[in-house]
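Colleague: So Swiss-Prot lists the following for this protein:
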{"type": "REGION", "residues": "1-165", "note": "region 'Disordered'"}
{"type": "COMPBIAS", "residues": "23-85", "note": "compositional bias 'Basic and acidic residues'"}
{"type": "COILED", "residues": "25-85", "note": "coiled coil"}
{"type": "COMPBIAS", "residues": "101-114", "note": "compositional bias 'Basic and acidic residues'"}
{"type": "COMPBIAS", "residues": "133-142", "note": "compositional bias 'Basic residues'"}
{"type": "COILED", "residues": "138-158", "note": "coiled coil"}
{"type": "COMPBIAS", "residues": "143-165", "note": "compositional bias 'Basic and acidic residues'"}
{"type": "DOMAIN", "residues": "181-327", "note": "domain 'OTU'"}
{"type": "ACT_SITE", "residues": "189", "note": "active site"}
{"type": "ACT_SITE", "residues": "192", "note": "active site, nucleophile"}
{"type": "ACT_SITE", "residues": "320", "note": "active site"}
């Protein structure tokens, strides 16, 4: 398996001949330093493997965790055996080596198992299953799991949004196709409602729109201010729970300022204002909700209605408006 092959490189990345030649010129201190580095690399590898194993479903995570434990156990054993042999070549002896008397030098150096533990500092999990993981190991494992869980949630949310968007678009297409209509995409920059209306006005005039999206914002805000008594009840119902930020009139004025001077997303309040400003019938198609019509009193027989589409699941950030045009008359 690929991970095993990569992990075994921690144990030895040299050929036997190269390792033998290097060890002939290696001091005990250098060897011990190398051993510590090898153990540290194995610990890091264990953390990486556990992080990778924390992804996927619970069943997949359980299977991966068991595989990681087996792999780390094998690598730990292999690394320990290698280091024991190298220690023995430097005069160290095991405490269980057939009761052979230890010479003075060996007595001072201590038995191999003790030295290996001293070199390791903090052993990898497979080597000390009987002892509790250190706080740093627990923190690393916790961070790895939290990051993996976060990535999994993001994937699930993106998948959910994508699925909802596909369903919504399919329903909208089914509604528009028999009418010979289709959606003309509008930039999702916060001005989408006003840009969609601008696009419709341009299509109806056969040239440029008489109003830019910014003009339309200012017109909507001005009309709402002039007809405050008509819009205030709807505004309050939409902003219920914001009473701590000032009086109703103050909050309504702040809302109007945002409409005319920021990229705040538009809603039915602004559409209602625009239908009167422009004296146009506006119809909003949707794949998620019933179609909405505003300004029916302005509807005429010359097919001058403005047509938009409302998308609840277009983007992860929220709602969006597009322009609806004849199939053979798509414009930017």
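Quick reminder: no glycine exception, Cβ is built from N, Cα and C everywhere.
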Colleague: Distance between residue 192 (active site, nucleophile) and residue 320 (active site) at the Cα atoms, whole Å?
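Modeller: One finds 7 Å between the Cα atoms of these residues.
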Colleague: Under a three-state reading of DSSP, tell me whether residue 192 (active site, nucleophile) is helix, strand or coil.
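Modeller: Where residue 192 (active site, nucleophile) sits, the three-state DSSP reduction gives helix.
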Colleague: Rounded to a whole angstrom, what is the C-alpha distance between residue 320 (active site) and residue 189 (active site)?
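Modeller: Rounded to the nearest whole number, the Cα-Cα distance is 9 Å.
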Colleague: How many of the residues that make up the compositional bias 'Basic and acidic residues' (23-85) does DSSP mark as helix, as strand and as coil?
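Modeller: So the compositional bias 'Basic and acidic residues' (23-85) is made up of 56 helix, 0 strand, 7 coil.
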Colleague: In the structure shown, which of the active-site residues 189, 192, 320 has the fewest Cβ neighbours within 10 Å?
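Modeller: The active-site residues 189, 192, 320 were compared, and 189 has the fewest Cβ atoms within 10 Å.
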Colleague: For the compositional bias 'Basic residues' (133-142), what are the DSSP-based totals of helix, strand and coil residues?
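Modeller: For that range the per-state counts are 8 helix, 0 strand, 2 coil.
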Colleague: Let me know the model's mean pLDDT on the coiled coil (25-85).
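Modeller: Averaged over the coiled coil (25-85), the predicted model reaches a pLDDT of 85.
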